[in-house]
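Here the structure is laid out as structure tokens; the discussion comes afterwards.
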Amino acid sequence: MPESKYRQQTIRAPRGTVLTAKSWLTEAPLRMLMNNLDPDVAENPHELVVYGGIGRAARNWECYDAIVDALTRLEADETLLIQSGKPVGVFKTHDNAPRVLIANSNLVPHWATWEHFNELDAKGLAMYGQMTAGSWIYIGSQGIVQGTYETFVEAGCQHYNGTLAGRWVLTAGLGGMGGAQPLAATLAGACSLTIECQQSRIDFRLRTRYVDEQAATLDDALARITRYTREGKAVSVALCANAADILPELVNRGVRPDLVTDQTSAHDPLHGYLPSGWRWEEYQKNAQSDPHGTMQAAKRSMAAHVRAMLAFSKMGVPTFDYGNNIRQMAKEMGVENAFDFPGFVPAYIRPLFCRGIGPFRWVALSGDPQDIYKTDAKVKEIVAEDKHLHHWLDMARERIHFQGLPARICWVGLEWRQKLGLAFNEMVRCGEVSAPIVIGRDHLDSGSVASPNRETEAMRDGSDAVSDWPLLNALLNTASGATWVSLHHGGGVGMGFSQHAGMVIVCDGTDEAAARIRRVLHNDPATGVMRHADAGYDLAVECAVEQGLNLPMVAATQGKG
């Protein structure tokens, strides 16, 4: 690893109302970049790694310093361009243009492989941005908690008469994304057993209350799960072991969980999945000395992992891929039926996407948790009839530990995002909150991603791999005036398997911000409704009609004026 990717430095975003940059529109991306590297947020901040294997916030430390310098000097009518974590230009635009435009890890399709990307990365020519790492809107594990919670709740509705009480979830991975699983299961009323091969990750999740207990052995873990499910308690248990060993052992013992999934970093076999029988230090060393052999060893272990998941599915246990591309990796190693169990989006989430419902998130730039609690109350006031959402907000306040700048996520759709954004902007204007708020989302949203093994798996019209949609989403958010816009490749599922876009907008209390919010927070989720209506989903067409969208090739939306 080049020396410039390592620095023993602790970074935390500024708090309060004193600006380092020239305006809140440039202070916001500066603080969010720094927040991504806060040691309470990032998995490996000294190497600029935020989450998801090698998902970085900047290409190297020289690039980080240059980005910070550029943002502090950026004028109100200038736009900073970021190419794979490197600041490459500042251009005159206008005051309603994005202040930052980001493109991360995009490769011409024929060369969009981990092997080619790793060559570029080693030469200092590329950076893996994951989804929200390189787009500076990661908020820690909370960012995926509600999506995982909604998935588990829907699984309970489909398979267990609406409740997961007395049930248990078997999964693996306690990294930046997977770390949400045990808390999400608990909030959904289920016990969980999560396998994680790094003790440091278990320690972090115990400290932040995302996991309740650690078992010493597999027998100990199963005894705890048996006791808690019998008592009807929702308790999360972690076990330090390798999932490629534990899941086959559970199959051999005839153990029957109630749900099975996985959120290891299987998308990145070189950095994210420990081969069976290896120590983590050995894995890291071999990744440098023998990358091909290391990737093959990891994929062989993934194949064993997926065979066990297939065995659970054959037992009748609801089993699903949670978007890390482990099925694809197993298929490449000869597991021809790896896709016999579904991904979580077609199984549980797509009806939400049809209505533009997805991971709406916001961050208090003040650093004051009270600002988030006040916005929680505002959400309840505006979305007054959604008791399920109110329940989520109550649980989040009680159980979710803020990482870095205080933040909140809640899944809302096209009908509500603009209204909430305008309300937050008004709260800033009249001083109800102490500093501006940024609103963003995961790239995992209804109109912002093409990922045939995850978000766009099994589309009704067969358009799973069509990536025009995230490109259009990024272009429209740029035209609408988002504060920063990002376009990435490979997030979630790895090189060659996804393209996706993100946006962030600042609520600074001004009339100009309100105008931008009206455009961005309507148009962004509307692209998701558009994408699903175009694919033939009746629920999306109904939403398009209700919300007055003009979709020229969708007849139901025409002739209204």
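Here the Cβ of each residue, glycine as well, is placed from N, Cα and C on the backbone.
Lifted from Swiss-Prot, the feature list:
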type	residues	note
ACT_SITE	Cys410	active site
BINDING	52-53, Gln130, 176-178, Glu196, Arg201, 242-243, 263-267, 273-274, Tyr322, Gly492	NAD(+) binding site
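Feature annotations (Swiss-Prot) mapped to structure.
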| residue | record | CB count, 10 Å |
| --- | --- | --- |
| Gly52 | NAD(+) binding site | 29 |
| Gly176 | NAD(+) binding site | 29 |
| Glu196 | NAD(+) binding site | 27 |
| Ala243 | NAD(+) binding site | 29 |
| Ser265 | NAD(+) binding site | 27 |
| Tyr273 | NAD(+) binding site | 30 |
| Cys410 | active site | 21 |
| Gly492 | NAD(+) binding site | 26 |
(message) Considering Cα atoms only, can you say which of Gly52, Gly176, Glu196, Ser265, Gly492 is the nearest neighbour of the residue listed as 'active site' among these binding-site residues?
(response) Gly176
(request) Let me know the DSSP-derived helix, strand or coil state of Gly52 (NAD(+) binding site), please. (result) coil
(request) Look up Gly176 (NAD(+) binding site) in the DSSP assignment and reduce it to helix, strand or coil. (result) coil
(request) Name the secondary structure element type, per DSSP in three states, that contains Ala243 (NAD(+) binding site). (result) helix
